[in-house]
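*Asks:* Annotations for this protein, taken from Swiss-Prot, read as follows:
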BINDING   D62, R70, R133, K163, H164  substrate binding site
SITE      D174  site 'Important for catalytic activity'
ACT_SITE  H176  active site, proton donor/acceptor
ACT_SITE  D246  active site, nucleophile
Amino acid sequence: MAQLMIDIAGTELTAEDKKLLAAPAVNGLILFTRNFASLEQLQELIREARAAAAKPLLIAVDHEGGRVQRFREGFSAIPSMGSLQKIENEDERQRAARDLGWLMAAEVQAVGIDISFAPVLDVDDCSDVIGDRAFSAVPSEISKLASSFIEGMHEAGMACTGKHFPGHGSVQADSHIAIPEDDRTLEQIRAHDLKPFLSLIQKLDGIMPAHVIYPQIDPQPAGFSEFWLQQILRSELQFNGTIFSDDLSMQGATVAGDMEQRAVAALKAGCDMILVCNDRAGAVQVLDADLPATEPESAQRVNRMLMSSNAVSLEELKRTQRWEQAQRWL
C-alpha cells in the first residue's frame, strides 16, 4: 500500500481531517505555522491526530532554524545553519552544530512530533531559497557541520532527513514556484553538490530529493527519477533509509502531470512516502487513485522514523543542564 503524508488547515481537526487521517494509505502528517496557536493546543492537536489515524502516524515539521522554523513561541530560536560560519574556531563550530541539532530535535520531540525534515545538505551557491539554510558554500565544510548536527539529533533520539538530493543549491529558480533546471553533468554534480550526501550516507535515516531537473542526466526531476533514486541512491550509495518525496503540490513537481500522475511517478521512481500539502483536493485525488503498492520494506523504513520512546515534556527539558548548555549558541 502507498504511504501518504498530508497536512491540515487549522489548529483543530475537522471532521474531514479525521476521515482522511483514518484512510489506510495515510500514515504521515506534516505541520505548519498555521497549525500552531500555543504549546497546549499543539500537543492536543497531535494527540487527536494520532487517535484519528488508522495506523502509527509519522508527524513531521520543517524546523531547520533561521527562516525555516514553523513554531516560535515556547521554542528556542534556532539560528540558521549558515550563521555557524561566524564562529571562527572550528572545534567550537562543530560543538555548536551538535548542540543545535540536539536542541532542535529535543524540543520538537518534547511536544510529540517525530521528526523535523533536517538537515539541509545543499551547497550555498546561487539559490535564494536555499541561501543560509545551507551550512556552507564548501561541500567539505557542509559534511563536517552536518555530521555534528546529525549526531546531536541522534543523541536526542530523532531520525534525520538529508535534503534536497542530489543538490538544490546550484540553481537560481525556487522549486516551490518554478521548475528549476541544472545543466551540469553528472561528473560536475558528483564533484560538488553530491559530496555531502556521499560522505554522510551512513548517518542519514531519510533523504528528500529535489524537485530539480538535471537534463544532462535525466529528463525527470530527481524525485521522479529512477536513475537518481534507484541507480544512484539505492544501488550505488547503498542507501537503505526512507526516501520522502518533496511536496507534490510544488510547481517543480508539475512536470509529472496531475496529482495522481505525480504520486504514481514518485512511488514508481522509489519514494517510500509521498507528501501532498496545501492541496486538499489533490490529497483526496491521490487517496482515491489506484496507486502502485510499496514493498513491505518500505513500510518498515517509514516506521523506523517514528520516535522510539516517549520524550520528556518541554518544561522538564528546559530544566536540564543539556538544554542550558545548548542555549549559549542562540
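Just so it is clear, glycine is given a Cβ too, placed from its N, Cα and C backbone atoms.
Computed from a predicted structure; not experimentally measured.
Help me see these features in their spatial surroundings.
*Replies:* Long-range Cβ proximity for K163 (substrate binding site), meaning a same-chain Cβ under 8 A and a gap of 6 or more residues, is found for F117, A118, P119, V120, L121, D122, I207, M208, P209, A210, D246. DSSP assigns K163 (substrate binding site) to a strand segment in the three-state reduction.
A sphere of 10 angstroms centred on the C-beta of D174 (site 'Important for catalytic activity') encloses 17 other C-beta atoms.
For H176 (active site, proton donor/acceptor), the same-chain residues lying six or more positions away in sequence with a CB closer than 8 A to its CB are V129, M250, Q251, G252. When secondary structure is read from DSSP and collapsed to three states, H176 (active site, proton donor/acceptor) falls in the coil class.
The 10 Å shell around the Cβ of D246 (active site, nucleophile) contains 28 further Cβ atoms across the protein chains shown. DSSP assigns D246 (active site, nucleophile) to a strand.
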*Asks:* CB neighbours of R133 (substrate binding site) within 10 A?
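*Replies:* Its Cβ shell of radius 10 Å holds 24 other Cβ atoms.
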*Asks:* Just name the winner among R70, H164 (the binding-site residues) by count of other CB atoms within 10 A of its CB.
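*Replies:* Comparing the binding-site residues R70, H164, the most crowded Cβ belongs to H164.
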*Asks:* Using C-alpha atoms only, work out the spacing between R70 (substrate binding site) and D174 (site 'Important for catalytic activity') and round it to an integer in Å.
*Replies:* 19
*Asks:* If you skip the near sequence neighbours and keep only those at least six away, which residues in the chain come within under 8 angstroms of D62 (substrate binding site), Cβ to Cβ?
*Replies:* I30, F32, V68, R70, S116, F117, A118
*Asks:* Translate the DSSP assignment of R133 (substrate binding site) into the three-state scheme.
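*Replies:* Once the DSSP labels are grouped into three classes, R133 (substrate binding site) ends up as helix.
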*Asks:* Cα distance, D174 (site 'Important for catalytic activity') to H164 (substrate binding site), nearest Å?
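*Replies:* For H164 (substrate binding site) versus D174 (site 'Important for catalytic activity'), the Cα atoms are 12 Å apart.
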*Asks:* Where D174 (site 'Important for catalytic activity') and R133 (substrate binding site) are concerned, what is their Cα separation in Å, rounded?
*Replies:* 14
